[in-house]
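**Student:** Below is a structure I'd like to ask you about.
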Amino acid sequence: MTTTVSRETAAFAGALDVIAQVEPRVAAAIGQELTDQRESLKLIASENYASPAVLLAMGNWFSDKYAEGTPGRRFYAACQNVDTVERLAAEHARELFGADHAYVQPHSGIDANLVAFWSILAHRVESPVLAEAGVKNVDALSEADWARLRRALGDQRMLGMSLDAGGHLTHGFRPNISGKMFEQASYGTDPETGLIDYAAVRAQAREFRPLVLVAGFSAYPRRVDFAAMREIADEVGATLLVDMAHFAGLVAGKVLTGDFDPVPHADVVTTTTHKSLRGPRGGMVLCTEEYAPEVDRGCPMVLGGPLPHVMAAKAVALAEARRPEFAGYAQQIVANARALADGLLRRGARLVTGGTDNHLVLADVSSFGLTGRQAEAALLDAGLVTNRNSVPADPNGPWYTSGIRLGTPALTTRGLGEAELAEVGELFVDVLTATQPDGDSKMRYRLDPAVAERVRARAAELVGAHPLYPEIDLSGR
Ligand code: PLP
C-alpha cells in the first residue's frame, strides 16, 4: 500500500533528519516545539504562525551571504540573487501598503525603530550641518563642526505614548537606547475612557516641541487617528513616526483605512513582520521619498549585514499578504477580538477602554484581586497562554502589573471563530474567579485544581479541533 506524503511533510521531516545527523538534540527540540505549539491555546497578541512557505524560505544558503548595501549597490560581490529577493520584498511591501519606499533589511522591530530614529536625525539634524559647512559627508567636516553636530544629535526630543498606556520601550524610554538618545516626554490616555486624548497630545506637543512624534503601541486596544497625529506633528514641526509593529496585518488587510491607516499620514512607518503580518521574525521601514536616502543607509549606520534568508521569507509573506484571502484573515482577527471581549464582559471582567476595535484586549485583573503576574501563571496552569501587561496608572509597576493582554492573530490563523473566542473569554474569567492570592505575595496564588483541570481539557479540545499545520505530519519520524 502506498501512502501519500505531503510536500510539507517531506520537506520538514527531511530537514529534521539532516539536522539530527549532526545534533539530534536540536532536531528533537525543533520537533518538540511544533508539538508544544500545536497543543497550546496561544493568546499572545504579538505572536502568530508563519506559513510553511515562509518558514522554508528562511532555512537555506541565503544565510551564507554578506550583502551590505542596497540592491545593485553592494559592498560585496555576487549578490545578484540577494538583490532579487530584496527587490521583491520591497516591491511587495510598497504595493501592499501604498508606500513610496520600503527598506526590508531590519532584523527586528527594535532595529527598524533604530533605523528610523537615526534616519530622522540624519535628515533633520545632520544634513543641515553638512549643507551649512558646504560638504557632502561627515568625514569632510572640521573637528569643530563634527563636535557641534554630535552635540546637536544628542540634544533632540521625542514625544511618544507612555508605557502604561500601551506604548513601547523603544519610544523614548530610558532602558532602551531611544531614551538615552532623546530627551523624552510621553502622552497617556484619558483616565476616564482609556482613549487617546488628541487635544491633550496637541497641547503637550506645543509645549514640548519634539523633533519626533511617535504614534503606535503594544497594548492599546483601539484604533489611532493618524490624521490627527499628522496635524499635531505639522503644527509643531515634528517628524511623524508610526510604529505599526502590532497592527501591520490589519493595515495590510485593509481593516485600518483612511485616518486609521498610518502610511498616508506618517513620514516614517516601522513594523515587525512576525506579528499580525504573519511573516518571518524581522522588521521593516516604510517612508516617504524624502526620508528614503537616509533610511537606506540603515546598514551599516545601525544594522549589521542584512539577513538575505529572512528577506526571502519577508518577500514570501508579503506576497501572501497581497492575496485577497489575507483581508478576510485580518477582518476575522478583529471579529474574534470583539467576540473575546464580549465573552469577558459577559462574565464581568473589566477591560481597559471597555472593549476593542483591533486585534487585542487588555483586561484589568485587579478586579479579581490578582496581579498580572498571578493571573498569567494561573491562566497558564489552565492551558491559556497569555502575557501580563501594565494598565494605565498601574499600581503594580511593569514587573507584576495589573493587566493581562490577549490577542487573536494566532488563534485566527488556526481557524478558531467568534463563538470559540467568546468561550475563551468565559474560560478566562472562570480561571481567575477560581484563583486567590497566596498571602500578601504579588506572585504566589492558589488555583482551584478542578477548575484548572476542566479549563485545560476544554482548551485542548478547542485547539484540537483546529490543527496547526495540518499539512505537516511528523509522526512517522
Ligand atoms: N515596536 C512595538 C510596538 C512592539 O510591540 C515590539 C515588540 O513587541 C517592537 C517594536 C520590537 O520588536 P522586536 O521584538 O522584533 O525587536
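Every residue gets a Cβ built from N, Cα and C, even glycine.
Annotations for this protein, taken from TrEMBL, read as follows:
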- Leu163, Gly167, His168, Leu169, Glu289: (6S)-5,6,7,8-tetrahydrofolate binding site (BINDING)
- 20-122: domain 'Serine hydroxymethyltransferase-like' (DOMAIN)
- 155-426: domain 'Serine hydroxymethyltransferase-like' (DOMAIN)
- Lys275: N6-(pyridoxal phosphate)lysine (MOD_RES)
- His274: site 'Plays an important role in substrate specificity' (SITE)
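Structural setting of the listed features?
**Tutor:** Counting every protein chain shown, 23 other Cβ atoms lie within 10 Å of the Cβ of His168 ((6S)-5,6,7,8-tetrahydrofolate binding site). A coil conformation is recorded for His168 ((6S)-5,6,7,8-tetrahydrofolate binding site) in the three-state DSSP classification, outside any helix or strand.
The average pLDDT computed over the domain 'Serine hydroxymethyltransferase-like' (20-122) stands at 98.
DSSP assigns Lys275 (N6-(pyridoxal phosphate)lysine) to coil, not to a helix or a strand. Neighbour list (Lys275 (N6-(pyridoxal phosphate)lysine), Cβ cut-off 8 Å, at least 6 residues apart, same chain): Ala45, Ser46, Glu47, Asn48, Ala245, His246, Ala248, Gly249, Pro409.
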**Student:** What count of other C-beta atoms do you get within 10 angstroms of the C-beta of Gly167 ((6S)-5,6,7,8-tetrahydrofolate binding site), across all chains shown?
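**Tutor:** Summing over all protein chains shown, Gly167 ((6S)-5,6,7,8-tetrahydrofolate binding site) has 25 other Cβ atoms within 10 Å.
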**Student:** Taking each of the binding-site residues Leu163, Leu169 in turn and counting other Cβ atoms within 10 Å of its Cβ, which one has the fewest?
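**Tutor:** The binding-site residues Leu163, Leu169 were compared, and Leu169 has the fewest Cβ atoms within 10 Å.
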**Student:** Here are some recorded positions: His274, Glu289. Which one has the most Cβ atoms within 10 Å of its Cβ?
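**Tutor:** Answer by Cβ density within 10 Å: His274.
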**Student:** Distance between Leu163 ((6S)-5,6,7,8-tetrahydrofolate binding site) and His274 (site 'Plays an important role in substrate specificity') at the Cα atoms, whole Å?
**Tutor:** 22
**Student:** Can you tell me which of these recorded positions sit near ligand 1, meaning the Cβ is under 6 Å from at least one of its atoms: Gly167, His274, Lys275?
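**Tutor:** Qualifying residues: none.
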